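Marked as transmembrane segment by TrEMBL: 20-37, 44-63, 75-95, 116-135, 155-176. Taken from TrEMBL, the feature region 'Disordered' covers 323-352. Under the heading compositional bias 'Gly residues', TrEMBL lists 326-352.
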Amino acid sequence: MEDGQYVPGSIYFYAPDKGAPIFFAVLFAASGCYHIYQCIQYKSWRLTGLYVFCAVIFVAGFIVRELGAFDYTNLVKFIVTICLVYAAPPLYELANYNILGRILYYVPYLSPIHPGRVITTFAFISAVVEALNGNGASYSSNRSLPQSKQDIGRALIKASLLIQVVVIALFLLLAATFHKRCRREGITARNAHLSSALHTLYASTALLAARTIYRVVEYWSVATLREGDSADKVSAVVRYEAFFYVFEASLMAANTLLMNVRHPRRYLPEGTGTWVKRDGVTEVEGEGYKDTRGFWITVLDPFDLWGIVRGRKGAADRFWEEAGPGVDGEGAGEGSKLGKGKGGAVGDGEAV
């Protein structure tokens, strides 16, 4: 039972629980295996393959944490588990960016941004966050380094966490803007699949945001601590391991299980070349968006503001106006034609 008192010699401050890491390692392993099955079933490796990778990272992180629970004075094990557990959540965010891009491809005429630019732009930001996270975690957790180096590590992690909060806010703003347009056009009212995909994305983002806020609070609470400070100056967030398992492990486990239960391919077509017409029901297959600009230009100018200024953005971009006939099919529900990547008239899917 935790009492909030410092355990002599422990790098964690407390004596880590020996059972919880096993539970979460098994849980993430099971979820990851099911994600592999779903990627094969739905042919969705490009869309949801990151969930498999994240599960592997978490399993490795909790295995090392279990080893560290029996050797809580071992600095190497502590650093490895911290780096692994911190690395996976930003990749969950990257997976959400990918899913939002696919949602925007599904209703391209209401997208505030070129759908393909969602993943490239946010992936670039995520790479920066991962670099800050990795370096910060290795510096701040290495107690053998001078205090100044540990402070640099904490500053890097705080910067990465703040960037994540800002990016999550921008991501939600983008999704909400698109959602508002769909509601105004009445598309979400007639297309339950689209509503389900968006609500699932909001739920996942809320879990990730809660975890990020927890990390911000945790690091701000130790920012002023110095070597030799008494244990009573340490925040309860650091002194009690339960905070880690509630606001980190449990929230991330809930996120991966959420995507198992409400897999994006249950609601979205297999490829980006299928979109729904303005009636919100009839699906059309075609080439979809084509952006002839260079990769880095699309990253730096995802909205093609320069093209708008120069008057290049116009009727040529509205490929949906010249779309062919819709794909015939019955109402799509779970396991329907939509779930297998084929078109159909949608509207009878699972709603939230």
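Including glycine, each Cβ sits where the backbone N, Cα and C put it.
Not measured: the values here are computed from a predicted model.
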Spatial neighbours of the transmembrane segment (155-176) far in sequence, C-beta under 8 Å, 6+ residues away: 86, 90, 93, 96-97, 100, 112-113, 118, 122, 125-126, 128-129, 132-133, 135-137, 139-140, 198, 201-202, 205, 208-209, 212-213, 215-216, 219-220, 223
Same-chain residues at least 6 beyond the ends of the transmembrane segment (44-63) whose Cβ lies under 8 Å from its Cβ atoms: 21-22, 24-25, 28-29, 31-32, 35-36, 38, 80-81, 84-85, 87-88, 91-92, 94-95, 98-99, 102, 249, 252, 256, 259, 263-265, 268, 270
Folded-back contacts onto the transmembrane segment (75-95), same chain, C-beta under 8 angstroms, at least six residues removed: 11-12, 48, 50-51, 53-54, 57-58, 60-62, 64-65, 67-68, 119, 122-123, 126, 129-130, 133-134, 137-138, 141-144, 157, 164, 167-168, 171, 204-205, 208, 211-212, 248, 252, 255-256, 259
